[in-house]
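Novice: Take this structure first; my questions come after.
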There are 6 protein chains.
Amino acid sequence: MFYHDKQLQYTVRVDTPSPVFAKMLQQAIGGVEGEIRVCLQYLFQSFGARGPAKYRDMLMETGTEEIGHIQMLATAVAMNLEGAPNFLKEAMAKADPMLAATLGGMDPRQYLSAGMAALPADSNGVPFDASHVYASGNLAADMYSNVAAEATGRALACRLFEMTDDPGMKDMLRFLIARDTMHQQQWLAVIEELGGHPGSLPIPNSFPQDEELTEYSYDFFATGIEGVDPPAGRYTEGPSLDGRGEFRVRIARPLGQEPKLAPPIPQAYAEAQQMMDLPDKS
Amino acid sequence: MFYHDKQLQYTVRVDTPSPVFAKMLQQAIGGVEGEIRVCLQYLFQSFGARGPAKYRDMLMETGTEEIGHIQMLATAVAMNLEGAPNFLKEAMAKADPMLAATLGGMDPRQYLSAGMAALPADSNGVPFDASHVYASGNLAADMYSNVAAEATGRALACRLFEMTDDPGMKDMLRFLIARDTMHQQQWLAVIEELGGHPGSLPIPNSFPQDEELTEYSYDFFATGIEGVDPPAGRYTEGPSLDGRGEFRVRIARPLGQEPKLAPPIPQAYAEAQQMMDLPDKS
Amino acid sequence: MFYHDKQLQYTVRVDTPSPVFAKMLQQAIGGVEGEIRVCLQYLFQSFGARGPAKYRDMLMETGTEEIGHIQMLATAVAMNLEGAPNFLKEAMAKADPMLAATLGGMDPRQYLSAGMAALPADSNGVPFDASHVYASGNLAADMYSNVAAEATGRALACRLFEMTDDPGMKDMLRFLIARDTMHQQQWLAVIEELGGHPGSLPIPNSFPQDEELTEYSYDFFATGIEGVDPPAGRYTEGPSLDGRGEFRVRIARPLGQEPKLAPPIPQAYAEAQQMMDLPDKS
Amino acid sequence: MFYHDKQLQYTVRVDTPSPVFAKMLQQAIGGVEGEIRVCLQYLFQSFGARGPAKYRDMLMETGTEEIGHIQMLATAVAMNLEGAPNFLKEAMAKADPMLAATLGGMDPRQYLSAGMAALPADSNGVPFDASHVYASGNLAADMYSNVAAEATGRALACRLFEMTDDPGMKDMLRFLIARDTMHQQQWLAVIEELGGHPGSLPIPNSFPQDEELTEYSYDFFATGIEGVDPPAGRYTEGPSLDGRGEFRVRIARPLGQEPKLAPPIPQAYAEAQQMMDLPDKS
Amino acid sequence: MFYHDKQLQYTVRVDTPSPVFAKMLQQAIGGVEGEIRVCLQYLFQSFGARGPAKYRDMLMETGTEEIGHIQMLATAVAMNLEGAPNFLKEAMAKADPMLAATLGGMDPRQYLSAGMAALPADSNGVPFDASHVYASGNLAADMYSNVAAEATGRALACRLFEMTDDPGMKDMLRFLIARDTMHQQQWLAVIEELGGHPGSLPIPNSFPQDEELTEYSYDFFATGIEGVDPPAGRYTEGPSLDGRGEFRVRIARPLGQEPKLAPPIPQAYAEAQQMMDLPDKS
Amino acid sequence: MFYHDKQLQYTVRVDTPSPVFAKMLQQAIGGVEGEIRVCLQYLFQSFGARGPAKYRDMLMETGTEEIGHIQMLATAVAMNLEGAPNFLKEAMAKADPMLAATLGGMDPRQYLSAGMAALPADSNGVPFDASHVYASGNLAADMYSNVAAEATGRALACRLFEMTDDPGMKDMLRFLIARDTMHQQQWLAVIEELGGHPGSLPIPNSFPQDEELTEYSYDFFATGIEGVDPPAGRYTEGPSLDGRGEFRVRIARPLGQEPKLAPPIPQAYAEAQQMMDLPDKS
């Protein structure tokens, strides 16, 4: 179960409130790269963990840390909105372009729906949706989902860092960026524990590989039409990363049939003409 | 631009149609681990690619391949529904438990909305939603998003393989599983081209690392209350994967303040009592 | 403004309640082809109608009718659930396959969330979402959106008709199918008032057609690769439907350039390698 | 910030695993009446709390408790799926109606996407979406949102209690139902602290009531057509609950004009006929 | 069934059109606190009403009233967009900051998708989604859901009132705010009819309370770690609101076990390492 | 299966980048009227086509063309963002109203989530959702869905044309508008092949029309209250479009009963008062 205290994990300070930055910060709360997503993702991976308990426990540690990140960012949004009330009505009334621009750049729901606070939504106001919580039951798949989350999360935090000159906000982001650095490597370290590429690939590594059509398992398919050269890279020649094959290029051409479905059944009520025996059936 | 021919990339054959399996297959079409997602993800990464053109071109190759996978799976769904018409009405009318069970296990919209064909939705009928298309503009972040997609995709295909005894379906899945094997390693091979962990981490590696608070960059935060031992692993000691730090455990305790927001502004219409100067403000 | 009385627009009678049919009926309430959609669509087209008031008024007539259709179907769902309570617990406890099948074929939320009543959701339990309310401000576009809604709606009602042997339900569906017949032709009659194809096409017909690249306005683009014959039909030769062009087939080949985007800007934090001057830039 | 230990808040025991009940339990995790919703709702109300700190603190207490409820239910789902693997493949292969019915009544994604674990989704597999997190910045509005959540939540838990005969599951639900009892009254107790109906209504009570059109503030509008009698109740006569008015019935008839919008502007590209000066403009 | 006439329920007048206010008004149409939600919520509660018919009838009265509120607000949006066409193109072409700010503050889809009319979406353009329609089958739960809707709805209307100086818009909002005042008390009056707190709590009051674990039914759980004082209030001591218990504070500590799930089953294709008998299983 | 080459279908050129126009263009990519929708719609109609193969083939031609339109528009978005980096930070730092307005008018996620590229979302940042992919299995219904898509799509393109003065963008839109012209008529030409209105109506035309209640099949229902005149038009008198009936006006009054549902069942846990035998049951 879970506990809390009253302090934030790291200081949140806003020197010059900015309603426009308050909108940008929403991406780090409820965006697909944001903290609600990683929090729920790590917790659900932990709640459903089967196998070595150490991974269940580690995931709970970091999932719990992320609740505190949501709290920090929600606090940062509220603080960036402190100055807003003074200009809202003025912006409506006066023809001051700077006020009007700030109003246009705000998230209206931070005022209308939340009374000057953060929303569990992204920077366009789209609510967070838990379909982004990846917890597959396969440890390696989950670790790569986590690396992807922390990589896009750190890119987002760096871009937010770029959008502000506020010393308090920059300090908070420096902390969050550092944590993303750690978390990227934390998940990749699990892959290393699993034996790296040879030990973990292909994911899931518990499926007997001779069941798959291995003649296509290490082929780069070039799908360009005639005259389009296939690209070359580490993935087009040399040993495969799992050490069990050799990368090759294959010009992709159909290996299958032309699909012909049975005619419509009467109960599905296609148009009558679809059910006639027409001569043009190629 | 894009072209097509009339054949499928690989043979799709259904020996014994199963409406229940037709529902399961939807996950591979419109699920978060499915083919619409990877198709759009690779194409959008390609369309927005900046930097070396070889990655733009490679992404287009594989994105184009995935359109054909959607086609294969949609064809497989339609073929698994061939037998359905015969029992639909019977299942309603008769008290035959096997028919009733099949009806209960079907996706009703494959009949009601599509007239016995596939939907761009998952196995619970939830429509695909393009928020799952990750294309961050950072090559390494995108490659890990792609590995995550192909790892969960291969796990899904293996589970579908387990759910069917149909030789035709098993053959198709063998092909798709093999392609997922390739694609996992294809994206990881790009990471290798970027120099592996030392060359690509932390993502984005273009953010000057001395801007982040590096004292927290390689610390595993243990957030358990007193008495809860922190887990140990590759991520708690030893050199960090990027070679620039040393993993450590830190008992996580607040580094920040207790958050106190300014009182509500009149224009936000909190309850009057929230705006009074109450003695209990702790 | 709006009024109501206490009766239903048409009799709703259920002779033999069926929880499985109660789930199917949800598609006609909250599905994309359902009544909430057409109700809101016609009302929003009416509320935003600009131009001749007669169309605003007609849309309000039919939008108001559709509220009553939602009511009829919601009543039908509740009536089909009457028998359910008796077997719910039994189905859990006993190993009776017929009860178990019925339970599996029910919408669990009709019980868990609504206490045996209809939901504003489709037959897979996906809530209705108002993005399906098309009201474009262009009368002809809206009429075709309405025809599409009533055509898929009537197909749905016919398929539901097929799924039941209950005389009461069949009678109700006979009525709803008849109303869809009318509504399809009602919207097409407006197109006829606008002058049919010559008078309404291309939609919007108020855009000066010499602004568009008319050399591509009546060409069927064949996008197949070499060896794939283009299909032939009314749309590949003969006068265009608006009477202003001649249909032709054009083998589609690129008219544009290879897209090359500028390199990533530093503020977007791509990987460093994406910003280097690499020799492989094709 | 937040902490955890390794135990559950209350014992979770499953005596006889049931994959069908595992699907039902999803509603209590990711449904609109479920635990993710109340957890995020109380935490966001706390994070954005302005005014007396005691409410901020109380909300954090209960928001933290709810994380543990998510954990309990996710654990219960996983435990109810323990028996599932044995029959999955059999159900596909054999014509055993009991197995087939169980398969039809399962959530396919608990297997396909999560490898036999809980999803952050409802009992129809629709992912949780944070638009259900109400945190308005007005304390009384939030308390009523919380009562609504706990009232529908307790109704859900009671219905789940009805669906199972498993002693372990019944024991867990007895605990959760008791907590809902407390939480309902906890939020209503805050209303009592605010002075009950006279002290808190109308919400927000900080809007100067003489700004509203008070002649309509205590009128029940009867919108029925002629011949439909208005209903009578506590809300049609007697003093209003806030003590500032008298309830009355008013036969609702239009107080406003017939809406006539300006003709379409050329830039919006309505059909040309909508922009003509037609005689039928009523 | 339903009827209409041609007038609005109350006058809608816009003295100075404002495209920015047109965007804000969307929240009152398609936001979670908006009119589509309450309209569908009251109608679905009415359509599914079981028990005393007077509540069914009352809900239909108010549900019908709300259709007219959607109409008023949609009309208000269209009227606020009247002036827009004149500056749209200018704003693109000229470097006039006031025009540019207005353009930035508009909802682009009101023009692009609706040709200068309202959308069934919120102020960020997120379409209304009917998962917000609460109709639980329990009268008291529904009444509190309705109070919550009208409380957040009135807060929203007050905030919109604050954002405009237009006399016509202020007059319309005065009317809508008054109706929200009535509706809040209307739903609470039903609770009073049910006997107030003692008569209605805990909701549902039909579940036999001795089935729940009453030792936890009136306890405030303090989940803070050591050193965090539990908050005090009406909910921590004194008689419970239903008169059947005594509020108490309990320091929340685990009452349950450490969750240990069974190892992964082979058919779920976890990584092989998750299925080994590892020594670190704590 | 599918192929590609390296060129765009038509030239994409941006003379003066505009981040605000980059946001508007999103509607043509991921909006309900956009290219992802028509692409998937035509491909799914093709993948599920039953009946004459010529329609399957034709749909694949145009579905394939539309992939290239997504590519063109995604390229156009990226090109319109080229200039953006230079002002992003300045806009934050300086009080320059023109920069601030541009920032307010941008889609923040094009920078934050995509690093200056297009998203599969609409102009408000709402992700594309595949519930808009209509593929009903009935050819005529699908053709009208396609006409609706191309009519709203052309209206959108014309409005975008209006919003830009950039010669390159105008040229690209001229091409896309021309293609929409063709596609509208292409789908209507199929209706002509099916025999026009007499041959295709009512859709589906395979349902035996004597099963429907034909006495309501050609009646315009006037749902206005007394005193509201029904509108008149092509749909109120004269032969029906399918040639099988005569349009008429009918004053809509209830043909059905007052709905009375059975009392709540105990297992659904309504409030106890709902289950009492109250005298007010009307």
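Counting starts with 1 at the first residue shown.
Cβ coordinates come from backbone N, Cα and C, glycine included.
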Novice: Quick check on the annotation: TrEMBL has D:His69, D:Glu150, D:His183 binding Mn(2+) 1, so which of D:Glu33, D:Glu35, D:Glu215, D:Glu226 does it put in that site too?
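Specialist: Between D:Glu33, D:Glu35, D:Glu215, D:Glu226, TrEMBL records just one in the Mn(2+) 1 site with D:His69, D:Glu150, D:His183, namely D:Glu35.
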Novice: Per DSSP, to which secondary structure element type does D:His69 (Mn(2+) 1 binding site) belong, with helix, strand and coil as the options?
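Specialist: Once the DSSP labels are grouped into three classes, D:His69 (Mn(2+) 1 binding site) ends up as helix.
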Novice: So what sits near D:His183 (Mn(2+) 1 binding site) in its own chain, CB-to-CB under 8 Å and at least six residues off in sequence?
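Specialist: D:His183 (Mn(2+) 1 binding site) has long-range Cβ partners D:Val38, D:Thr62, D:Asn146, D:Glu150.
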Novice: For D:Asp57 (Ca(2+) binding site), which DSSP three-state class applies?
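Specialist: Helix, per DSSP.
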Novice: With every protein chain in view, what's the tally of Cβ atoms within 10 Å of the Cβ of D:Glu35 (Mn(2+) 1 binding site), excluding that atom itself?
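Specialist: Other Cβ atoms found within 10 Å: 25.
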Novice: According to DSSP, which kind of secondary structure is D:His183 (Mn(2+) 1 binding site) found in, if we only use helix, strand and coil?
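Specialist: Looking at the DSSP assignment, D:His183 (Mn(2+) 1 binding site) belongs to a helix.
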Novice: Where does D:Glu150 (Mn(2+) 1 binding site) sit in the DSSP three-state scheme?
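Specialist: For D:Glu150 (Mn(2+) 1 binding site) - judged by DSSP and reduced to three states - the answer is helix.
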Novice: C-alpha of D:Asp57 (Ca(2+) binding site) to C-alpha of D:Glu66 (Mn(2+) 2 binding site): distance in Å?
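Specialist: Rounded to the nearest whole number, the Cα-Cα distance is 15 Å.
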Novice: Taking Cβ atoms only, which of the binding-site residues D:Glu35, D:Asp57, D:Glu66, D:His69, D:His183 fall under 8 Å from chain E?
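Specialist: Filtering D:Glu35, D:Asp57, D:Glu66, D:His69, D:His183 for a Cβ under 8 Å from chain E leaves D:Asp57.
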Novice: Would you mind reading off the Cα separation of D:Glu66 (Mn(2+) 2 binding site) from D:Glu35 (Mn(2+) 1 binding site), to the nearest angstrom?
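Specialist: D:Glu35 (Mn(2+) 1 binding site) has its Cα 6 Å from the Cα of D:Glu66 (Mn(2+) 2 binding site).
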Novice: Other than D:Glu35, D:His69, D:Glu150, D:His183 themselves, what residues in this chain have Cβ atoms within 8 Å of the centroid of the Mn(2+) 1 site's Cβ atoms?
Specialist: D:Val38, D:Cys39, D:Thr62, D:Glu65, D:Glu66, D:Ala149, D:Gly153, D:Leu176, D:Arg179, D:Asp180
Novice: Pick from D:Glu66, D:Glu150: which of these binding-site residues has the biggest number of other Cβ atoms within 10 Å of its Cβ?
Specialist: D:Glu150
Novice: Among the binding-site residues D:Asp57, D:His69, which residue has the fewest other Cβ atoms within 10 Å of its own Cβ?
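Specialist: Comparing Cβ neighbour counts within 10 Å for the binding-site residues D:Asp57, D:His69 gives D:Asp57.
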Novice: Binding-site residues D:Glu35, D:Asp57, D:His69, D:Glu150, D:His183: which sit with Cβ under 8 Å of a chain A Cβ?
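Specialist: Filtering D:Glu35, D:Asp57, D:His69, D:Glu150, D:His183 for a Cβ under 8 Å from chain A leaves D:Asp57.
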Novice: Sequence order please: the binding-site residues D:Glu35, D:Asp57, D:Glu66, D:His69, D:Glu150, D:His183 that have their Cβ under 8 Å from a chain B Cβ, otherwise just none.
Specialist: D:Asp57
Novice: Translate the DSSP assignment of D:Glu35 (Mn(2+) 1 binding site) into the three-state scheme.
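Specialist: DSSP call for D:Glu35 (Mn(2+) 1 binding site): helix.
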